[in-house]
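Reading through the structure tokens given below for one structure.
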Amino acid sequence: MIFVFSIIVGLQWKTDKRVENWPLMHSPWTTLCISTLYLLFVWLGPKWMKDREPFQMRSVLIIYNFGMVLLNLFIFRELFMGSYNAGYSYICQSVDYSDNVHEVRIAAALWWYFVSKGIEYLDTVFFILRKKNNQVSFLHVYHHCTMFTLWWIGIKWVPGGQAFFGAQLNSFIHVIMYSYYGLTAFGPWIQKYLWWKRYLTMLQLVQFHVTIGHTALSLYTDCPFPKWMHWALIAYAISFIFLFLNFYVRTYNEPKKAKTGKMAVNGVSANGVNTSEKHLVVENGKKQKNGKAKGE
């Protein structure tokens, strides 16, 4: 990663001068340091929490998740209105580096999108502070760390043009996703209505396929947008398809095979909120709760 950023520093003359003095954009090192601190917390956080009680953070999670809903809704609106007013094409759109008010609006919205990916590091922090370490998977860390880091590159070079499409689509999905997470934070009384988590994963998979299709179409039509970014985006989306498919199979298909009447668990964990407060296990005709048989 340091090698990549060293190359980036050497290519400063090719960057978008409009964003040069925007917060976090002058140098890659601030972004790199934040991401490094994040990875250190992923490693050291569980060790620090090992002999401590998990934090109870229901109110914090409600505020955080619905705050993220509002932020992503703002980003989606700005990208939609900016691209509409600028007459953007959803098939092929080159980057306009001028100070046109609509282009600057799009660039600013993409900058907020980049910032939102840094804020999303708190997802992991909340998991670890609540000792939901099983949620801090490779997919989770890979997704958060790379999105924040790679979008710095996107804002530095192409804060507009084709770049608006993926951010607009992803921010819309995050409105739905964080709405779900925010609702789960209210507790068990609402969780019976939240049966649609698996469809969030399916929606994310659809997003990656749409992104690949959109990018491939741009390559096919020889769209005047950096080819290196097109190919990088396709490779990145493919990596997510494999990881999310693996997550989907392990989460929704394998439990069905293993279930066979032994365990019935309603609920999922989201943003550190365990939506299954009590696990009811039925084994050998006896009911057990939290691992202990009634009457023990």
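Cβ coordinates come from backbone N, Cα and C, glycine included.
Annotated features in TrEMBL:
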- 27-45: transmembrane segment (TRANSMEM)
- 57-76: transmembrane segment (TRANSMEM)
- 110-129: transmembrane segment (TRANSMEM)
- 141-159: transmembrane segment (TRANSMEM)
- 171-190: transmembrane segment (TRANSMEM)
- 202-222: transmembrane segment (TRANSMEM)
- 228-249: transmembrane segment (TRANSMEM)
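As a quick check, the transmembrane segment (141-159) and the transmembrane segment (110-129) clear the bar of 3 or more Cβ pairs under 8 A, pairs 6 or more apart, so the two touch. Note on the transmembrane segment (228-249): residues 137-139, 142-143, 146, 150, 154, 157-158, 162-163, 166, 198, 201-202, 204-205, 208-209, 211-212, 215-216, 218-219 of its chain, located 6 or more positions outside it, place their CB under 8 angstroms from a CB of the stretch. For the transmembrane segment (27-45), the neighbouring stretch richest in Cβ pairs under 8 Å, chosen from 57-76, 110-129, 171-190, 202-222, is 110-129.
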